[in-house]
Amino acid sequence: MTAFAQAASPHVMNTYARLPIALERGQGVRVWDARGKQYLDALGGIAVNTLGHNHPKLVPALQEQIAKIIHTSNYYHVPLQEELARLLVERSGLTNVFFCNSGLEANEAALKLARKYGHDRGIERPQIVVYDKAFHGRSIATLSATGNPKVQAGFGPLVEGFIRVPMNDIAAIRAATEGNSDVVAVFFETIQGEGGVNPMRADYLRELRALCDERGWLMMIDEVQCGMGRTGQWFAHQWAGILPDVMPLAKGLGSGVPIGAVVAGPKAASIFGPGNHGTTFGGNPLAMRAGVETIRIMEEDNLLANAAEVGEHLKAALARAFTGLDGVLEVRGQGLMLGVELARPCGVLVQRAADAGLLISVTADRVIRLVPSLILTRAEADEIVALLAPLVRDFLAEEAAGAAA
Ligand SMILES: *Cc1c(COP(=O)(O)O)cnc(C)c1O
């Protein structure tokens, strides 16, 4: 047997189109595979590894926690939940937190909150506004909220009660909800991740906040990917100066330890009572310690400022590298959540980049997505561009050659 990942496993379900690479260890933003090949990690476990790999402050803290206690159950108080909740509340301006284990679980809790918010006000069939190209997860409810037919195909009947609208168009949401008193919430990502790194405009977010207030809707912002400092603010919506009512978090919150959280403000904080929602693993001491230490280290090491600064540097360097290239439509995003949209599907670049020693993803078929760890330096950002730019140029030149032939 080889320790090296094979294309198809005899025993693991075939749910991922995996690269034939098995990563064995990491240090900072570098990882090594089972053969000893080194990669620069611009994917960060899909916006999960906030502190990079083998962080010298995180690892001993988690080792200590594991030796103390890993899991207890929510039959008992978990003081670390109190601590992490306080840290999240202080940084978000919201008031209360429910802990779970993943992004879809956080979103599922948000959807339940919105429905009960409706029922509590006598709305029997509550409806929730969601967006084109949104991604909220792969449970039955969250895939129904997702705006990607590929994610939904084969899993109908979908959960009802969603109204879908385009992004950044306040007239469209007004028209879609006109005279509909069953609407209870609007649910969206500040910057869509899987949908292709698509930012909501700040002025649209402020108009949406006003519309939610006018209609009594909950504003529920899925910050699972764009939150936790990635854009240079704790939460991406903070750039627009707005406050949500409900905010699901996950990916970057535990630096790789599975965790999810729903943070709620006054309108949503006391909708759930005992028996309304729960999870066995949610809020266990190991995950909570990972969250607490992630936030502590991010602050000690100034990682918000770093994400903003190095992100801007990386974005500018990408824009420069691709200036005048016809096949590059746009470089967009904020902080260390960046996308490069090409004019045609470019999934093959993922393997080619890995061959060249760079880990990236391609989302929405033709958007190269870079979501590296927040510890990335300018020099490492330059290295990403130096590795990526020639691959993109060669890729686009192939098409030009093909078209000319
Ligand atoms: C990844 C993601 C999810 C789903 O999170 P899982 O932990 O994979 O369930 C939900 N929403 C957004 C915005 C995401 O990026």
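Using the three backbone atoms N, Cα and C, a Cβ is placed for every residue, glycine included.
In this view, E223 (pyridoxal 5'-phosphate binding site) is surrounded by 30 other Cβ atoms within 10 Å of its Cβ, with every protein chain counted. Look at TrEMBL and you will find F135, D222, E223, V224, Q225, T280 tagged as pyridoxal 5'-phosphate binding site.
Taken from TrEMBL, the feature N(2)-acetyl-L-ornithine binding site applies to R138, T279. Sequence-distant contacts (6 or more apart, same chain, Cβ under 8 Å) of R138 (N(2)-acetyl-L-ornithine binding site) comprise L104, T146, V151.
If you draw a 10 Å sphere around the CB of K251 (N6-(pyridoxal phosphate)lysine), it holds 28 other CB atoms from the protein chains shown. Here TrEMBL flags K251 as N6-(pyridoxal phosphate)lysine.
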Candidates near ligand 1 among the binding-site residues F135, D222, E223, V224, Q225, T280, judged by a Cβ under 6 angstroms: F135, D222, V224, Q225
Number of other Cβ atoms within 10 Å of the Cβ of V224 (pyridoxal 5'-phosphate binding site) across all protein chains: 27
Listed binding-site residues (Q225, T279, T280), ranked by Cβ neighbours within 10 Å, top entry: Q225
Whole-number Å value of the largest CA-CA distance among F135, D222, E223, V224, Q225, T280, listed as pyridoxal 5'-phosphate-binding: 25
